[in-house]
């Protein structure tokens, strides 16, 4: 689950992590009230920041520095309500429905801090880099040595000596080391207490008077742990999420919309990724990732079908099922029911193997509907790509 920057900063502030003074605003009037208050309290400028669930806001024109109240009003009018396009939103962009108005900081250095799970090491890793303000993936690709890492032993947690090592690696001044250690320990505690899956401070800044701030931050939470955090669950902003993904989550379906025209319905995340790969290998483009899981019932299959066909870009559907816990006949009943109910106009290609596969194939054959069956994954992928092209 993603949250907004202002929400992440509110959480971090409770753990003693220094963040700039600021408040969220939902209207122009609220934005100006915050800006007036900050200027009255001695701010030399304010930053007007679009609040959307995407990175690259600055490059897209969603972050502006205002040195006067007039400039703040100009930028707030410009950004609030705009369709902000970044490298993470896609060409359609995301509508800005709220702003964060913050006091500017006298930046001396821009650094990076982050905590994430390293699956290869089976441990959390606390990362730091002197290349702040840049995408960390870009830094890792160009110069992996620029990222310093401290692996966290789950038995003892993140230790102060590790924080000191990272602080020295960042080249912080001796007078800043103790504050940096407290800063990092606060980040780690926030990460653990909230069942986060990602925590990034980018940039983590030092100021000309040797203070440390989280100038921008991002926190994602583990969806599977949200039953323990009702307060955090309330921070979810459904308006920032894809409507089809929101609909899928209601039925415990793992759905992610993509940019292609071949819809995929698969059981199992690994097979789903392999299915997307083989579609591309055959010359097509997947329209989504959809894992219906091993315990899907007929009703979930029907809902999955409705969601797939709600995407206007879909020209064909590829159903790739290896029946184990999810029996093939159960899937077949769901597919036939959905196809009849929705009066499906696009070609449907199936590759079926596993438990009750013969019963499933018979259900499809007896339905009288024009399903296309592939003998293998490769055969089915080639058929669905051809069908999407109208061949």
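Yeah, the Cβs are placed from backbone N, Cα and C, and that goes for glycine too.
Summary of the site annotation: Swiss-Prot records substrate binding at 324, 325, 326. Screening the candidates 261, 267, 288, 370 against this entry identifies 267 as the one listed for that site. For the domain 'ATP-grasp' (9-247), the model's pLDDT averages out at 93. For residue 216 (Mg(2+) binding site), the same-chain residues that are 6 or more apart in sequence and have a Cβ closer than 8 Å to its Cβ are 5, 201, 202, 203.
The binding-site residues shown are 267, 324, 325, 326; of these, the one with its CA atom nearest the CA of residue 57 (ATP binding site) is 267. Closest in space to residue 324 (substrate binding site), of the binding-site residues given as 49, 56, 58, 102, 110, is 56, taking the CA atom of each residue. As a whole number, the greatest separation of Cα atoms within the substrate-binding residue list 267, 324, 325, 326 is 10 Å.
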